[in-house]
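What follows is a set of notes on a single structure, which appears directly below.
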Amino acid sequence: MRLFLIFTFIVASLASVYGCIPAANPCRGNAKCCGNYVCKNGRCLPRS
């Protein structure tokens, strides 16, 4: 569980640096994924 929190923190800091979450990274809710990706099933996946 602690590892997950650290991981979430890293992703959150990535998002604040890039302004979006890189593809294939974990995301929550309607987080903004980079490029043509959307947050699906907890990950940034290509928009189908």
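The backbone N, Cα and C atoms fix where each Cβ goes, and this holds for glycine too.
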Recorded disulfide counterpart of C39 (Swiss-Prot; options C20, C27): C27
Residues of the parent chain within Cβ reach of the signal peptide (1-19), under 8 Å, 6 or more residues beyond its termini: 25-27, 31-32, 34
Cα-to-Cα gap, C39 (disulfide bond) vs C20 (disulfide bond), nearest whole Å: 11
Among C20, C27 [disulfide-bonded residues], residue with fewest other Cβ within 10 Å: C20
Of C33, C34, C44, i.e. the disulfide-bonded residues, those within 10 Å of C27 (disulfide bond) when Cα atoms are compared: C33, C44
Rounded Cα-Cα span from C33 (disulfide bond) to C20 (disulfide bond), Å: 5
